[in-house]
Amino acid sequence: MSRFVKPVPFGLPARAAAAASGSSPAKEYFERIGKYVPGEIIASYTALNALLVAFPEQIKYGAFIFCFILCWVLTPVYFKLISTPADRPSLKMQQIISLIAFPIWAYAIDGGKGIFGKEVFDIYYQAVGGALLIVFTLISGAFYPTV
């Protein structure tokens with residue numbers, strides 16, 4: 001299974017494209033949601049944050065910010081690196097939606113310990129993180145690349 005969302009022929013409704021591929025629109029919708037999440041980058045960000053907690057106070061603030069920006073910038077780069085020629089029609093949309101997804105996921109899973117927590121900006125609220133994640137997840141599946 002590819003890491004990339006399957007493009008739909010331009011002008012063809014998603015429902016018709018799903019039927020033509022032998023799938024259901026709901027199944028393809030949920031697959032798109034999963035593929036748009038930059039899980040590998042989020043996992044790396046989470047692991048790095050766990051290490052940064054032990055950094056000396058003098059550099060901890062900058063290290064959290066650097067880690068967040070680095071992972072955010074690496075999100076589209078990562079998708080470019082793992083793409084194959086067959087993935088090219090989906091690449092741009094995948095990069096854009098994943099670039100939007102990263103800070104939302106980073107905020108939601110931060111738990112008040114990373115850049116959004118008390119160590120740096122102190123703007124983490126669990127309910128806000130959950131709401132952002134739910135809304136973004138529901139909306140992101142509605143987008144699909146066309147060819």
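Including glycine, each Cβ sits where the backbone N, Cα and C put it.
Outside the transmembrane segment (36-55) by six or more residues, the chain places 5, 63-64, 67-68, 71, 74-75, 78-79, 94, 97-98, 101-102, 105-106, 109-110, 113-114, 119, 140-141, 143 with a CB less than 8 A from a CB of the stretch. If you look up TrEMBL, you'll see 36-55 (among others) marked as transmembrane segment.
Per TrEMBL, the feature transmembrane segment maps to 61-79 (among others). With a threshold of 8 Å between CB atoms, the same-chain residues lying at least 6 positions outside the transmembrane segment (61-79) that come near it are 3-4, 38, 40-42, 44-45, 48-49, 52, 55, 91, 94-96, 98-99, 102-103, 106, 114-115, 119-120.
The transmembrane segment feature in TrEMBL is assigned to 91-108 (among others). Taking Cβ pairs closer than 8 Å, the transmembrane segment (91-108) reaches residues 4-5, 35-38, 41-42, 45, 68, 71-72, 75-76, 79-80, 83, 114-116, 124, 128-130, 132-133, 136, 140, 143-145 in its own chain, all 6 or more past its ends.
Among residues of the same chain six or more beyond the transmembrane segment (123-144), those with a C-beta under 8 A of the stretch's C-beta atoms are 5-8, 14, 28-30, 32-33, 36, 93, 97, 100-101, 104-105, 107-112, 116-117. Residues or ranges marked as transmembrane segment by TrEMBL: 123-144 (among others).
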